[in-house]
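Per TrEMBL, the features are as follows:
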type	residues	note
BINDING	SER54, THR55, ARG56, THR57, GLN81, ARG105, HIS132, PRO133, CYS134, GLN135, CYS268, LEU269, ARG296	carbamoyl phosphate binding site
BINDING	ASN164, ASP228, SER232, MET233	L-ornithine binding site
DOMAIN	3-145	domain 'Aspartate/ornithine carbamoyltransferase carbamoyl-P binding'
DOMAIN	152-307	domain 'Aspartate/ornithine carbamoyltransferase Asp/Orn-binding'
Amino acid sequence: MTRHFLVDTDLTQAEQAQVLDLAAALKQDRYAVQPYAAPGAGRKTVAVIFDKTSTRTRVSFATGVADLGGVPLVIGAGESQLGHKESVADTAKVLERMVSTIVWRTYAQSGLEEMAANSSVPVINALSDDYHPCQLLADLLTIREHKGRLAGLTLAYLGDSANNMANSYLLAGVTAGMNVRVAGPVGFLPDPAVVDAAAARADETGGSVMITTDPAEALAGADVVATDTWVSMGQEEEKAARLELFRDYAVDSAAMEQAADDAIVLHCLPAYRGYEISADVIDGPQSVVWDEAENRLHAQKALMAWLMAASGLAELPSLPGAAAGAEGTGA
Ligand code: CP
Ligand code: NVA
């Protein structure tokens, strides 16, 4: 069975841990796994498609595919027939005959679901309006590096709590057994369906979910503080209203005083200093955003290798995490 990664909960807690273990191994030994190198037959291709702009995702996937022995085929917005001249399903049926994995940044989550339903090769969500699950693998790897564990830690996310990052913090965080607190204004809190899914996963892992309009309630003693832009891609026309709406949810020095003394700060970037995060915090000693950005590379390489192995399309050598990933086949 082909495994896809469209939403954070597509990996169980054990599978997520396998991917993070493999990511840590690949960070130590960058070229140790080569699922896209076809022995004696050259290199396999991975399609990396963008309907929205990107720096980190584009560079980390292109570099990661090359590191894994493959050839990245990066397709920018408007450069293919997809979405305007040709359906998602027809596109998938063509791509699956040529490429080994499809990575796609797009708007509607339903498009990714349609791509996956029509593809015999893994499909990876490189950000949709609803989720950013690859970013969360990098964030979890970063937290683990700095805190030594995930389960039992408390993460507070402040700001636009109806966006893709809020949803993914909830789902990926509780999958790792974390206590995830999300704070935003009325009307910009997570969809109840996402909260229910997070609560159900938390019941399995020992994590927990808190949704609040009070930033102080979310921040109290938190081990990790995270935020994201108040104006996501596609929301540019709402910018003026949004900059007012979220003012009380900024991650600044006053907010950080309410978190644990040794709290770390995450931001997926791009960041807007003076809005969702102050310059002294993002450029200060508690910020780990540059580790977080680098970890996109290692986490996504592990994800691609794991999905190829779990789909029966490649083998993994016995690295820490790699053998366990292969056991996930057909799960
Ligand atoms: N964090 C993130 O996904 O960055 P890009 O939009 O630059 O890819
Ligand atoms: N919420 C942001 C994340 C950017 C990486 C957006 O969707 O634009």
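Including glycine, each Cβ sits where the backbone N, Cα and C put it.
Overlay of TrEMBL annotations on the structure.
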residue: SER54; record: carbamoyl phosphate binding site; contacts (Cβ under 8 Å, 6+ apart): ARG105, ALA126, LEU127
residue: ARG56; record: carbamoyl phosphate binding site; contacts (Cβ under 8 Å, 6+ apart): CYS268, LEU269, ALA293, ARG296
residue: GLN81; record: carbamoyl phosphate binding site; contacts (Cβ under 8 Å, 6+ apart): THR91
residue: HIS132; record: carbamoyl phosphate binding site; contacts (Cβ under 8 Å, 6+ apart): ASN125, ASN164, MET165, SER168, CYS268
residue: CYS134; record: carbamoyl phosphate binding site; contacts (Cβ under 8 Å, 6+ apart): PHE5, THR57, ILE124, ASN125, ALA126, LEU127, ARG296, ALA299, GLN300, LEU303
residue: ASP228; record: L-ornithine binding site; contacts (Cβ under 8 Å, 6+ apart): TYR157, GLY159, ASP160, ASN163, MET165, ALA166, HIS267, CYS268, GLU276
residue: SER232; record: L-ornithine binding site; contacts (Cβ under 8 Å, 6+ apart): ASP129, ASP160, ASN163, ASN164
residue: MET233; record: L-ornithine binding site; contacts (Cβ under 8 Å, 6+ apart): LYS52, THR53
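Checked against ligand 1, the binding-site residues GLN81, SER232, MET233, ARG296 give no residue with a Cβ under 6 Å from it. Selection of the binding-site residues GLN81, CYS134, ASN164, SER232, CYS268 by a Cβ distance under 6 Å from ligand 2 yields, in sequence order, ASN164, SER232, CYS268. Listed in chain order, the extra residues whose Cβ falls within 8 Å of the Cβ center of the L-ornithine site residues ASN164, ASP228, SER232, MET233 are LEU127, ASP129, HIS132, ASP160, ASN163, MET165, THR229, GLN235. According to DSSP, the domain 'Aspartate/ornithine carbamoyltransferase carbamoyl-P binding' (3-145) comprises 61 helix, 26 strand, 56 coil.
A 10 Å cutoff on Cβ-Cβ distances gives ASN164 (L-ornithine binding site) a total of 22 other Cβ atoms nearby, all chains included.
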